[in-house]
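If you look up TrEMBL, you'll see 21-40, 60-81, 93-115, 127-148, 169-189, 209-228, 288-306, 336-357, 369-389, 605-625, 637-658 marked as transmembrane segment. TrEMBL lists 672-706 with the feature region 'Disordered'. The compositional bias 'Basic and acidic residues' annotation in TrEMBL covers 694-706.
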Amino acid sequence: LSDKEEGKRKKSKSKVDCCGFPLSIFFIVVNEFCERFSYYGMKAVLVLYFRYFLQWDDDLATTIYHTFVALCYLTPILGAIVADSWLGKFKTIVYLSVVYTIGQAILAVSAIHDITDLDHNGKPDSMAFHVALSMVGLSLIALGTGGIKPCVSAFGGDQFEDQQEKQRSTFFSIFYISINAGSLLSTLITPILRAQECGINSQQKCYPLAFGVPAVLMAVALVVFIMGSNMYTKAAPKGNIMLEVCRCIGFAIKNRFQHRSKRYPKREHWMDWANEKYDKLLIAQVKIVLKVLFLYIPLPMFWALFDQQGSRWTLQATTMDGNFGAFKVEPDQMQIVNPLLILAMVPLVDSVVYPLTKKCGLNFTPLRRMTVGMFMAGLAFIAAALLQIQIDKTLPTFPSASQSQVKFLNLENSVLPVTVDGATYSIQPFQACQTLSFPSVPIQMEAPGRFSIIVIILCSQNRDVNAKPEQGNNEIRLVNGFEAEVNITAGSKDLGFIPQFGFSNYTQLPEGTSTFLISNRMGQICEYSQSLGFGSSYTLLIPGDFSFGPECAKTIRPIEDIKPNTVHMAWQIPQYFLMTTGEVVFSVTGLEFSYSQAPSNMKSVLQAGWLLTVAVGNIIVLIVAEAGQLPDQWAEYVLFASLLICVCVIFSIMAYFYTYIDPMEIEAQFAEGGPQDKEEKSKNLSMTDVIPASEDKKSEVKQSRI
């Protein structure tokens, strides 16, 4: 108890230094790298896991994604209270890292489709089991990553002596680099792991691997952190300043409510009603904090847009062309643009942009920078809306609820005239007519009897595709017009035997060149290759005049049902650039502003308030995604941009009336006067219950106003 009361540090028996730095910080930096790799790697593929493994629609996937992110930024407050009040930073990090690792492992297990795929068709038979397991895993991850967030960096700072200010500053720079390095590598690697195919009974997208590698990295982070235990300087818990601030505010509100009668004189500030119990210095510090927290009210709207990079923008990328020539970019890999731009733009803005504005005589204050950052984020969503409009133009038209669509496929080497409800269509040899839409009523069709024709109706068993292929994959089927049945193999996938005039089921194939092997029961083989883009659909027609031989592949006719994605993913770079620019001048400046305006012992309180704005921003997204239900995605982008620009105007007005202060100067003024003793406070508290405050007391209150 004496250690806790006096806040003494428990030092290791043998503290080792390396180049003037405590060797213990090596374990902390490696721990942070592995933890950030684990978190960002899992988060990068999370929305696609919701969308394509759990089979949720875009809105529900977005809602649950942002609910998870919100929880990750709510739990830091809990972690800070536990660390400062009871367990200390070291034990809090260890215990919550164990929870974190278990959560990552559970999430990886939840993505194994073979667990409930009893019929071996590649789809889980009990989706509720996978959903429940996923939610348990994500809840543990949110508790773990959020709980250790406020502890790790502060614990690293505890490793330095008071005279090691320069080394401590260097440590935080290295710490920041480790965060970005972990984020950068994981955002690059885990989408590649997800794109692989794995499974016991059937091959599917490898989400277990994409989640499993982050789980392993989190376990490594925990082991490395524990390995340095004997080298750490461990500060005993000293009590949580956030709880003290809350008690002070609560007492002021309670005291004001109890003395709301007109016979009690008004005080200059409502926090002055805490004078009877708390030091004037603490009250003055709380006033400073509340003043900054008031400015935080509009900030969640920025984070509501910013965090959609991992949800809406990733889903947008699934409908685009990711072929960059020498390499292919997965939709969730586009998120890597943000950390890449951050690493390039932070030094550029600090060393070039800000000095230039200063030389030009522009007073680019922190709050003005934050206003510009919010405006840039709004422009990023305008750019996303314009891009979405272009993407929508390339999407095929599918039947409405009251319509049906019909497509005619000509299997003969002659023109086929078909009359449908009085309109005649000429279908070229070995081709299909354009898809025809009709109301859901009986229609009349006429065609010459001597021709071979296959009618494809969207609602029939051999239906045509009625949705854009997901995740940038391609849907391929084969139609056999040959006189005998044939067996089809596409890579490792066996489509089985297809009888004459029969269809194969649609098979999903990735972008690139796919090879099809066509064989008959006599062992003859024909090899055919088809180049595929992103998100296309083809019907490969084996015509009636097909024959096995050296030229057999030339007779196969590819019929394009749905065009591949034609809008390139590179067009997302402008919106990422605008958003990252906004982040650099908003987020970095906001942290700097909060630190400079915070009292010396309440910087953690404002840090918790800052993280809370991120959580509220994600809650805004899930409310809009569920309640908005806008028919077009571009309209939702415009809605978010409009909301942020309106909030930006409000924030600029609030910033105009804000007066910058020097907390250290104010604290020095109170330190000279000295705090009231407890006996005088108790006396004042009892007096206010009997008589109104005196004129002398009013004078005291006025002097303590900030």
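Backbone N, Cα and C atoms are what each Cβ position is placed from, and that goes for glycine too.
TrEMBL: automatically predicted annotations, no manual curation.
Of the two recorded stretches, the transmembrane segment (21-40) lies close to the transmembrane segment (209-228), with three or more CB pairs under 8 Å once pairs fewer than 6 apart in sequence are set aside.
If you look at the transmembrane segment (60-81) against the transmembrane segment (209-228), you find fewer than three C-beta pairs under 8 angstroms, all six or more positions apart, and that falls short of contact. Simply put, out of 169-189, 336-357, 637-658, 637-658 has the most Cβ pairs sitting under 8 Å from the transmembrane segment (369-389). Panel annotation: around the transmembrane segment (605-625), residues 59, 62-64, 66-67, 69-74, 76-77, 80, 149-150, 241-242, 245, 289, 292-293, 296, 299-308, 311, 590-591, 594-595, 597-598, 636, 639-640 of the same chain, lying at least six beyond its termini, place a Cβ under 8 Å from a Cβ of the stretch.
Recorded stretches compared: 93-115, 169-189, 637-658; the one with the most Cβ pairs under 8 Å to the transmembrane segment (288-306) is 637-658. Listed by sequence, the residues of this chain that lie at least six past the ends of the transmembrane segment (93-115) yet keep a Cβ under 8 A from its Cβ atoms are 35, 38, 42, 49, 53, 79, 83, 87, 122-124, 129-130, 133-134, 136-145, 147-148, 151-152, 155, 199-202, 204, 207-208, 210-212, 214-215, 218-219, 221-222, 225-226. Tertiary neighbourhood of the transmembrane segment (336-357): same-chain residues 180, 183-184, 187-188, 309, 364, 572-573, 576-577, 579-581, 583-585, 588, selected by CB-CB distance under 8 Å and a gap of 6+ residues from either end. Under 8 Å from some Cβ of the transmembrane segment (209-228) lie the Cβ atoms of residues 23-24, 26-28, 30-35, 37-39, 41-42, 45, 49, 93-94, 97-98, 100-101, 104-105, 107-108, 111, 186, 189-191, 193-194, 196, 198, all in the same chain and six or more residues away from its ends.
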